[in-house]
Amino acid sequence: IFSMGSAYQFHSWRVFVVVCALPCMCAVVALTFMTESPRFFLEMGKHDEAWMVLKQVHDTNMRARGEPEKVFTVNRIKLPKHLDELVEMQSESANPVAKVLFRIKTELRGIWLTFMKCFQYPVKDNTIKLAIVWFTLSFGYYGLSVWFPDVIHHLQSDEYASRVKIHNDERLEDFTFNFTLENQIHTNGVFINDRFISMKMKSVTFIDSTFQNCYFDDVSTVGSLFKNCTFIEAFFYNTDIDDSKLVGSRVINSSFHHNKTGCQMTFDDDYSAYWVYFVNFLGTLAVLPGNIVSALLMDKIGRLSMLGGSMVLSGISCFFLWFGTSESMMIFMLCLYNGLSISAWNSLDVVTAELYSTDRRCTGFGFCNALCKLAAVLGNLIFGSLVGITKAIPILLASAVLVGGGLVGLRLPDTRGNVLM
């Protein structure tokens, strides 16, 4: 933890966000070294630049095929009509505002027409099937990705709660608490002239207890509450005990001085926070073998076989979650699920790009990705709301959508060996 005074602490989740943002920043830098597409150069009237990019792609592919001596030739290039030409054709004497409005109108109309092309023959059926596959895969994948860590955390909480120590009707006088109290419930207790000095309370609840002439100095509480308690002539110094911790409690002739501010929680206080990151790391690490397998076998077994097979196997693996009664079992199932489903993502990206022609490809891919994000949001909301309630609905729902989406994916046309249009 990096601290800046007592009010601000750079906790682990902020480090996690910064680390996750680094690849995005690297990608932005890498994009500056990439060339534009030939189509963009043609639309901008840069024919020589477009020719050079095409030649570079051709030479690279020929070297990979062992034919570096093959010469790049272009017989014909179809030039798209420039938008600037359309603006000038609209009105030679139009004022700048009219030209800008016409440009915007033309751009929006072009976007709409391109979008509608994705639902016209001969790609209409493919667009609908792709939309179903993208939606089901995203719904199941992101829904379970959120559900897994929360279920593991729920299992930890249940196991932690099973070890709670309960103290009833205790009475302590002139006692000094200078050690950590953890996972305890104190009911109907009476504390007289006791001192709580340089200590922590972790998941401790005091119920209907009385604190008389007690002294609290340098006390930190994590997940601790005082419910319906009474404080009589108590003194609080450098503690984080405030109204949010005093639930229905009465404070009589007591004083608070130099209260602590900011979050006081650390990994030592909440070890489950570490598991959230560690479980996600293991799940992400399990993707690596799937990426390698899909890269090596995609052209050999086919895009559709990998797409449908991966989704169906991912759906079947969900049924084994019935046996997930421990943290280790759930983590193993998370890694298995991620390792199987990543092949579906890779093959789906390839199939989507190869099923559309150049004038529809970006729009069709963007439409499918929009459905993907919508499905991810719905999956997070639905699966997250079922944590701790039931395992049956998330398991059956994820299995059904993944198997169904995989079967739809098998109905897509095979693009292996096809020439991109």
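Just so it is clear, glycine is given a Cβ too, placed from its N, Cα and C backbone atoms.
With DSSP states grouped into helix (H, G, I), strand (E, B) and coil, the domain 'SV2A/B/C luminal' (165-256) comes out at 0 helix, 61 strand, 31 coil. As annotated by TrEMBL, domain 'SV2A/B/C luminal' applies to 165-256.
The transmembrane segment annotation in TrEMBL covers 12-34 (among others).
What TrEMBL records for 130-148 (among others) is transmembrane segment. Beyond the transmembrane segment (130-148), the same-chain residues lying 6 or more positions past its ends with a Cβ under 8 Å from any Cβ of the stretch are 279, 283, 307, 311, 314-315, 318, 330, 333-334, 337-338, 341, 344-345, 348, 351-352, 355, 364, 367-369, 371-376, 378-380, 382-384, 386-387, 394, 397-398, 401-402, 404-406, 408-409, 412.
Marked as transmembrane segment by TrEMBL: 274-297 (among others). Below 8 angstroms of C-beta separation, residues 12, 16, 145, 148-149, 152-153, 156, 267, 306, 327, 331, 334-336, 338-343, 346-347 of the same chain, each at least six residues beyond the ends of the transmembrane segment (274-297), sit close to that stretch.
Panel annotation: around the transmembrane segment (304-323), residues 133, 136-137, 140-141, 144, 294, 297-298, 329-330, 333, 336-337, 340-344, 346-348, 351, 391, 395, 398-403, 405-407, 409-410, 412, 414 of the same chain, lying at least six beyond its termini, place a Cβ under 8 Å from a Cβ of the stretch. Annotation comment: TrEMBL describes 304-323 (among others) as transmembrane segment.
Taken from TrEMBL, the feature transmembrane segment covers 329-351 (among others). Long-range neighbours of the transmembrane segment (329-351) within the same chain, counting only residues 6 or more positions beyond its ends whose Cβ lies under 8 Å from a Cβ of the stretch, are 130, 133-134, 137, 140-141, 144-145, 148, 151-152, 155, 279, 282-287, 289-291, 293-295, 298, 303-304, 306-307, 309-311, 313-314, 317-318, 320-321, 323, 402, 406, 409, 412, 415.
If you look up TrEMBL, you'll see 363-386 (among others) marked as transmembrane segment.
Marked as transmembrane segment by TrEMBL: 392-412 (among others).
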Grab the pLDDT values for the domain 'SV2A/B/C luminal' (165-256) and give me their mean, rounded.
93
